[in-house]
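Colleague: Let me give you the structure first, and then I'll get to my questions.
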Amino acid sequence: MKRLFTSESVTEGHPDKVADQISDAILDALIEQDPDARVAVETLVTTGLAVVAGEVTTEAYVDIQDIVRRTILDIGYTRAKYGFDGETCGVVTSIHSQSPDIALGVNKALEAKEKNDDGDEFDKIGAGDQGMMFGYATNETPEFMPLPIVLAHQLAMRLSKVRKEKIVPFLRPDGKTQVTVEYSDDGKPMRIDTILISAQHDPNVTINELKEVLLEHVIKPTIPEQYWSDNIKILVNPTGRFVLGGPSADTGLTGRKIIVDTYGGWVPHGGGAFSGKDPTKVDRSAHYMARYVAKNVVAAGLADRFMIQVAYAIGKARPVSLMIDTFSTSKVDEEKLKDVIIQLFDFRPLAIINKLNLQRPIYKKTAAYGHFGRNDPDFTWESLDAVEELKRAFNI
């Protein structure tokens, strides 16, 4: 059966993404000084105000107010008429240390307690919380990501680029994109059905002018030729006007764009957000590891599509469960594939941190346009360095 599937993205000026970037900018500043910092920072942004709250345990000192203001200004909220201005907005902070009850399990995992510290080094740090995390990959795009979320991100990035480079000078920072793709009976993308762009703009711009310039400077340069058609339904600012935007129009919160951050709704999500969390939080690090495994499995040709779920208990280093699904696309025995994954990939938090080199100030740039499918050497979970090892396990 043919079906339509839709995914969305948002620009860096979207209120929730402003909050995510502030939280991750604070994390980067702390982890740059203290790689072992324990950080869980949440941000709220609204008209003229940014509120930062959370738990931090560290020897580092950072100027949170300065980080907040610089992040807002870098995004593009530089003028009071936007309703939110990094120079003049209020900044309120409420930061305290990590709960000692949580620290008991993170600082010394259950496995280390049971072995009286004589065990494996990677058994020493426990998961910072319970929960389940998902990783996914598909061979339908070069990014090993679903086509709808890839195109939605590319449109959002292009929308921001033409604003910042003043190619379209009347755009403002807030914006959203959405792409609907038709899939064939065998799950292959066939064509783009609908493209939706909502772009904040200056008040003197007409809707027809906006449609014309976005088609010329954003949509056509972004959509691959193989998917372009004059039959694509294109919607631009369907309400007819988008002048009021950003935090002055909608309150933004850290962690409210978890589907944008991951796979565009193509697979389940455990619910845990990424931004503002140091890598001992498996909400972040285990998601990255799961993506790493999934991408390498598909790139190795072991399946056309692959999903992995991993679950944790707070204070315990080793996952409590691991499940895989190839959606009937596996080229090898699935039970053996699961065994090989367990043998080759270590999902304990400290092992993930070491493997992916996560104790670095790399997180602010993950906080907009998706954590996965990005061509950036700092996104170590996108590496394909396990492909050959996986192939050898199956004598390929």
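Count begins at 1; order follows the chain as displayed.
A Cβ is built for glycine as well, from the same backbone N, Cα and C atoms used for every other residue.
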Colleague: According to Swiss-Prot, region 'Flexible loop' applies to one of these ranges: 32-42, 98-108, 164-174, 197-207. Which one is it?
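Modeller: That would be 98-108, per the region 'Flexible loop' entry in Swiss-Prot.
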Colleague: Report the candidate from Asp185, Asp250 that shares the ATP site with His14, Asp174, Gly175, Lys176, Arg241, Phe242, Arg256, Lys257, Ala273, Lys277, as recorded in Swiss-Prot.
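Modeller: Answer, per Swiss-Prot (ATP site with His14, Asp174, Gly175, Lys176, Arg241, Phe242, Arg256, Lys257, Ala273, Lys277), from Asp185, Asp250: Asp250.
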Colleague: Using DSSP with the three-state reduction, classify Lys277 (ATP binding site) as helix, strand or coil.
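Modeller: DSSP call for Lys277 (ATP binding site): strand.
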Colleague: Can you give me the Cα-Cα distance between Asp16 (Mg(2+) binding site) and Gly175 (ATP binding site) in Å, rounded to a whole number?
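Modeller: Computed Cα spacing between Asp16 (Mg(2+) binding site) and Gly175 (ATP binding site) is 11 Å.
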Colleague: Counting every protein chain present, what is the number of Cβ atoms, excluding its own, within 10 Å of the Cβ of Asp250 (ATP binding site)?
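Modeller: Other Cβ atoms found within 10 Å: 16.
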Colleague: Just to confirm: which same-chain residues, 6+ apart in sequence, have a Cβ under 8 Å from the Cβ of His14 (ATP binding site)?
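Modeller: Listed in sequence order: Asp174, Gly175, Lys176, Gly246, Gly252, Lys257.
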